[in-house]
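Here's the structure we're looking at; comments come further down.
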Amino acid sequence: MIRKMSKNVVVIGTQWGDEGKGKIVDWLAESVQGVVRFQGGHNAGHTLWINGKKTILRLIPSGIMHDGVTCFIGNGVVLSPEALLREIEELEAAGLDVRSRLQVSEICTLILPYHVAVDKAREARKGEGKIGTTGRGIGPAYEDKVARRALRVQDLFNPALFDEKLAEVLDYHNFVLTQYLGAEPVSANEVRDQAMALAPALAPMVRDVSSNLFVLQQEGKNLLFEGAQGALLDVDHGTYPFVTSSNCVAGAASAGAGVGPQALQYVLGITKAYTTRVGSGPFPTELVDEIGTRLATIGKEFGSVTGRPRRCGWFDGAALKRSVRLNGISGLCITKLDVLDGLETIQLGVGYRVNGEFRDVLPYGAHAVAQAQAVLEELPGWTESTVGITEYSKLPVNARRYLERVAEVCGVPIDLVSTGPDRNETIVLRHPFKG
């Protein structure tokens, strides 16, 4: 039974990822004692700008930038030991204390070399029909988890069990690689030797994360649950099959961190003031003209992990409405408002025409979304700069009107507005922890 009152917040991307979650988690981390990753892997990067210096985190929660904050990698994450240790070394080289403040769930599924081999071979075989995976083994690792053949972090410390499980799973994957995908097999000895070499460095950070989070809640500590990707990439609720391999909605924080759902009191939905998407998949409000190019250029829309250019389009309020419902969004944070500065007019998606009928929420499935024609509403733009503004009243009148219309279309209040990449370039209307 929880003895003291804590407040816990889930931060969720409401679009197709890349909404600016890293900056907001970093900013909110000043109000918490723990930050938790609960799904995904090292396929998505969170970009932070601290005092003008760029930092990209792929696995480690963004709270690591704050002294006194403990960071947790929950059981819902698929973990590449090699990628994690490399990221730790990069942060330590920058002067951060990481290992004493990072805990890794002992029951995380491992990403191993054969997952990467399968991922890359599949994409190569699909050619133009590819989904656009990052090729880091995320999907195949989740497949092993669901098929109950995965190796987990705790297996690294039982070599005999590791060998037994590896032989079984590699027999399966090598058959797929050689007989179906036409690729080279993966050596069991190489996989084992690499994993065993990395295990000692990982061992001091391995914990029962679920139990430790429960203790923090009993002590009244505030926790922040950091989502990766975005709700429209959710394996169930996204534009399937152009989705990621995990559940990235707010409800996944409970299962992916091992906490009860009653512990999640507030859900902050992060959304850009426009819309972007990486890779393949339908995108109703996409702009393939000079305005789309302008948004990409000013917004620096390139993937933080892959470097791939992002497709850009107008804000899609009907897609966001789907995310609001899926996640139980308490309040929105609008990021990159400044990218819209200087546009004479701005379009805002309010729904779709599907087979001649108006729909005010994103349909399910890629085929249905591909047939949806965006219904756009035109609003006046603004010429004044919004960069670095920290008071809502100082925003241009038309910028405020735009934000108010976004909130109206989506049916949820705006609590935060980001006007630049630095953590201090933030307008606070209601603080998720203090409001």
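Note: Cβ is positioned from N, Cα and C throughout, glycine not excepted.
Taken from Swiss-Prot, the feature GTP binding site applies to 17-23, 45-47, Arg310, 336-338, 418-420, supported by sequence analysis. With a 10 A radius on its CB, Asp18 (Mg(2+) binding site) counts 28 other CB atoms from all the protein chains.
Annotation note: Asp18 (Mg(2+) binding site) sits in a coil segment as assigned by DSSP. As annotated by Swiss-Prot, Mg(2+) binding site applies to Asp18, Gly45.
The IMP binding site feature in Swiss-Prot is assigned to Asp18, Glu19, Gly20, Lys21, Asn43, Ala44, Gly45, His46, Thr134, Arg148, Gln229, Thr244, Arg308. DSSP classifies Gly45 (Mg(2+) binding site) as coil under the three-state reduction.
Summarising the annotation, Swiss-Prot assigns active site, proton acceptor to Asp18 and lists sequence analysis as the type of evidence.
Annotated active site, proton donor per Swiss-Prot: His46, in sequence order. Every protein chain considered, the tally of other Cβ atoms within 10 Å of the Cβ of His46 (active site, proton donor) stands at 25.
Positions annotated as substrate binding site by Swiss-Prot, on the basis of sequence analysis: Ser304, Val305, Thr306, Gly307, Arg308, Pro309, Arg310. There are 13 other Cβ atoms within 10 Å of the Cβ belonging to Arg308 (IMP binding site). In this structure, Arg308 (IMP binding site) belongs to neither helix nor strand by DSSP; it is coil.
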- Message: Are there any residues at least 6 positions away along the chain from Gly17 (GTP binding site) with a Cβ closer than 8 Å to its Cβ? List them or say none.
- Response: Ala44, Ala228, Gln229, Gly230, Leu233, Thr244, Val278
- Item | Thr47 (GTP binding site) to Asp18 (Mg(2+) binding site) - Cα separation in whole Å | 9
- Message: Out of Gly20, Gly45, Gly307, Pro309, which of these binding-site residues shows the lowest number of other CB atoms within 10 Å of its CB?
- Response: Gly307
- Message: Out of Lys23, Arg310, which of these binding-site residues shows the lowest number of other CB atoms within 10 Å of its CB?
- Response: Arg310
- Item | Thr419 (GTP binding site): secondary structure state under DSSP, collapsed to three categories | coil
- Item | Those binding-site residues listed as Asn43, Thr47, Thr419, and which of them has the most Cβ atoms within 10 Å of its own Cβ | Asn43
